[in-house]
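Chemist: One structure coming up, written as structure tokens, with questions to follow.
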């Protein structure tokens, strides 16, 4: 297990990877391109054309309930988007939700990865149990948290509080209404539960690719466990932390299932995907929904720009 | 020290696994045992929750949505592989010029939020009469997973030794033969992992399915959204539903466990 950042050049030469085919005839170049084209054309048609359409619709006045009144709206939809308090608050919610879930699951994932990197009894089984939350279907996980864990009357959390209080013979255990008392935290907690295993797996792969001879040498030179972590393990893990953080952000920024299921976007938890879904589904204002979509795309492109820069280091050496 | 690590690790593992265990345990309780406070851990087990989920009293069978999910997931996974393997070949073994740009194009499509394309896709479906049609979901899920599959398959095909490919080409093997007889057997574990990961992503998808399907082509996650609002005692039934719908993903995920990270990190982490 290693991060595919820098394959040693010597290995490349020995494996004799053919150089970039610049000196080929036109026919030979097309023969090379042929296997790529179906996938490329399919992706362009299905993923890029809708965005072009979104861009066009975003400058139109178009409400499906009022189909005769269609026309060019200029930037009206964008003005509506930026002055709509619901949409502005959903931008803030999206940022908070993404940052909290990514940071907390990275920290927990790092802790778990450090534990699983040690030898202990039943490590394989513990690893499998830790992966399980990631393999519950997102809607099912959200339903599980909403009904079986958060329910104030018979959910597991309040049930456990009752049980704990009775254990110490105390009366009147606290029985919070988890979802209505702390709606955003309720959504975040369920997502952290699902995404921590993902972070753990990436960081564990990073830990297991550490050059152990260096760690061993440091230990012989009298380095403490903390020093080894601070000066050897952590710098090595940095790129894995970045990768986990970026991939997590890409997936969680787009989260729809948890918000839809646990709070139905209420109580200030509506994030951008949910708000766009709602604008489109309930308000039927196609122009405004598209303008909101364009704003989300621009926001994502800014994140993606950072993400691509990190990932590009993964391919850098093979380009040579 | 080692003992302490083991204790802390096991404590965390049990804590993270508890909701899953609770889901399965509750699904096997009767509705009245499922809804108690404090929880009745030792209550008798029954399959009532599952019988209810499969429509014992309502007559509403979850089979059509489950079958729809299987069709959409398996259908799109097959098309993804058919498109991704030749593409990965052109990006790793016989490389096209500017292949890194192509790779980044595929990656960048994953970074655009799908929700932004929702409306035009809906309008196209409406215009072509493909609303509530599973084939339309297959096309969308294919486009959703194709970039992941291309990245993954490229990282697997890059492992095929060039000497073998040279030998094949000297023996006069064409593209199809080379892919079928030489590349596929070596890349088989990678292909299997890619297929499982694409299957999981398609199976989990909710947003498109929710907007584009209805009574005919609704998938299992759409069926689950019927449980969002609670009415009466139905906890065992919800847990049974969540367990049944998650089962294919749990099986696929554990089967692909070793390649799961590689898949989710688009082949970046080995």
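Cβ coordinates come from backbone N, Cα and C, glycine included.
Quick caveat, the model's predicted, so the values are computed rather than measured.
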Chemist: Looking at B:48-69, B:70-91, which stretch does TrEMBL describe as transmembrane segment?
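Modeler: My reading of TrEMBL: the transmembrane segment range is B:70-91.
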Chemist: Grab the same-chain neighbours of the transmembrane segment (B:208-227) for me: Cβ-Cβ under 8 Å, and only residues 6 or more beyond its ends, written as numbers and ranges.
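Modeler: That would be 62, 64-66, 68-69, 72, 114, 118, 121-122, 125, 131-134, 136-137, 140-141, 234, 237-238, 241-242, 245.
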Chemist: Which stretch, B:134-153, B:182-202, B:234-256, tops the Cβ pairs under 8 Å count with the transmembrane segment (B:70-91)?
Modeler: B:134-153
Chemist: Can you name the far-off residues of the same chain, 6+ from the ends of the transmembrane segment (B:182-202), with a Cβ under 8 Å from a Cβ of it?
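Modeler: The answer is 72-74, 76-77, 80-81, 84-85, 89, 93, 141, 144-145, 148-149, 152-153, 155-157, 159-160, 164-165, 168, 173, 248-249, 252-253, 255-256, 258-260, 262-264.
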Chemist: Residues of the same chain, at least six outside the transmembrane segment (B:234-256), with any C-beta under 8 angstroms of its C-beta?
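Modeler: Same-chain contacts beyond the flanks: 23-24, 26-31, 33-35, 48-50, 52-53, 62, 66, 69-70, 192-193, 196-197, 199-200, 203-204, 220-221, 223-224, 227, 263.
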